[in-house]
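Annotated features, as they stand in TrEMBL:
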- R46: O2 binding site (BINDING)
- H50, E56, H96: Fe cation 1 binding site (BINDING)
- E56, R100, E111: substrate binding site (BINDING)
- C126, C129, C161, C164: Fe cation 2 binding site (BINDING)
Amino acid sequence: MTFGRPFNFRAWIDEHRDLLKPPVGNVQVFDDAGLIVMVVGGPNQRTDFHDDPTEEFFYQLKGNMVLRVMEEEGRPPTDLQINEGDVFLLPPHVRHSPQRPEEGSIGLVVEIPRPEGLTEAFEWYCTECHHLVHRAELQVRSIVDDLPPAFEGFYGGDRTCPNCGAVHPGRKWPESMVPKTAPRA
């Protein structure tokens with residue numbers, strides 16, 4: 001049996017810090033592991049909501065983040081504050097949009113690899129009436145290769161809400177919807 005050796009995680013993060021900011025913002029810690037272990041850096045802003053068929057574990061190592069969740073179509077999303085040192089286990093199929101507005105923030109995210117044939121989805125909701133505007137379902141084998149075409153399909157297409165007619169802003173939230181982080185009282 002072969003296996004890796006322990007390593008200093010802080011040193012690993014320091015070595016990969018240049019990748020923990022836009023446009024990449026995300027580095028997988030282990031290759032060919034039974035888990036997807038990623039380090040994600042801020043700042044970032046995304047308007048999609050991920051529909052993951054498996055649980056996701058969040059551990060906020062540095063700074064704070066907001067996990068925007070869509071609890072019910074037609075209602076505004078809920079912002080869950082995840083502060084430095086916090087952990088959170090997101091159940092399967094909860095539509096969520098990780099927001100890391102703080103420069104230099106760092107989080108650890110752990111997911112379960114999807115078995116062959118299991119799809120996940122990315123959804124965009126109207127910023128006015130909060131109804132679904134677009135859903136892209138796919139089997140993600142590579143974040144780098146598979147996600148950009150799905151996202152560009154939405155950003156480059158018709159983003160008109162079928163419910164109210166408002167046009168989705170695309171890649172960035174309107175200023176009134178940009179998430180804010182604050183230390184927990």
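Using N, Cα and C of the backbone, Cβ positions are placed for all residues, glycine too.
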Among E56, E111, which are binding-site residues, the residue with the most C-beta atoms within 10 angstroms of its C-beta: E56
Additional residues surrounding Fe cation 2, by Cβ distance to the C126, C129, C161, C164 centre under 8 Å: T127, E128, H130, H131, V133, P162, N163, G165, A166
Number of other Cβ atoms within 10 Å of the Cβ of H50 (Fe cation 1 binding site) across all protein chains: 18
Additional residues around Fe cation 1, ordered along the sequence, whose Cβ is within 8 Å of the centroid of H50, E56, H96: F49, D51, D52, L67, L90, V94, R95, S97, P98
Reduced DSSP assignment, C161 (Fe cation 2 binding site): coil
Entry from the binding-site residues list C129, C164 having the most other CB atoms no farther than 10 A: C129
